[in-house]
Amino acid sequence: MNDIFYMKRAIELSKLGEFTTAPNPNVGCVIVKNNIIVGEGWHEQAGKNHAEINALIMAGEKAQGGTAYVTLEPCNHFGKTPPCCNALIKSGINRVVISNIDPNPKISGNGILYLKKHGICVKTGLLSKESKQYNKGFFKRMKTGFP
């Protein structure tokens, strides 16, 4: 198994929130340790746990030392939910692979910087085009301000 395999799974998971996450984006997350998926999650509904949190809950202690594959950059600010970056750091994840940088100005690269600052290896851009197609409206709204 490789990064592409796990990111494809995260993209598939992101689709599960297609009709329930607006105005938030569809996001999927897979947590892998020793080439075994130990946690999966997706953003199920606006105002509820983000994909990373759902995957971390499923993984529990098995997340420590693992890799998180996320279709969109993890948030690092408090909104309706706490920052996903803090949860990833606290879990002991040591690597995060991100498909797309979040275009939301509140995040846009800040989540990546925060993770790196806390010693987490970050890789970006994996299957970006494939992942972005399931969030066309979100990316358009962030870029133009229009739905």
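Positions of Cβ are set from backbone N, Cα and C atoms, glycine also.
What Swiss-Prot records for 1-123 is domain 'CMP/dCMP-type deaminase'.
Summarising the annotation, Swiss-Prot assigns Zn(2+) binding site to His50, Cys75, Cys84 and lists similarity to another entry as the type of evidence. All protein chains shown were included, and the count of other CB atoms within 10 Å of the CB of His50 (Zn(2+) binding site) stands at 28.
Under the heading active site, proton donor, Swiss-Prot lists Glu52. Long-range Cβ neighbours of Glu52 (active site, proton donor) (same chain, at least 6 residues apart, Cβ-Cβ under 8 Å): Val27, Cys29, Gly41, Ala68, Val70, Pro74, Cys84, Ala87, Leu88. Secondary structure at Glu52 (active site, proton donor), taken from DSSP and collapsed to helix, strand or coil, is helix.
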- Determine the most Cβ-crowded residue among the binding-site residues Cys75, Cys84, using a 10 Å radius around each Cβ and all protein chains in the structure. Cys84
- Message: Mean pLDDT across the domain 'CMP/dCMP-type deaminase' (1-123), rounded to an integer, is what?
- Response: 96
- Item | Secondary structure composition of the domain 'CMP/dCMP-type deaminase' (1-123) [DSSP: H/G/I, E/B, coil] | 44 helix, 28 strand, 51 coil
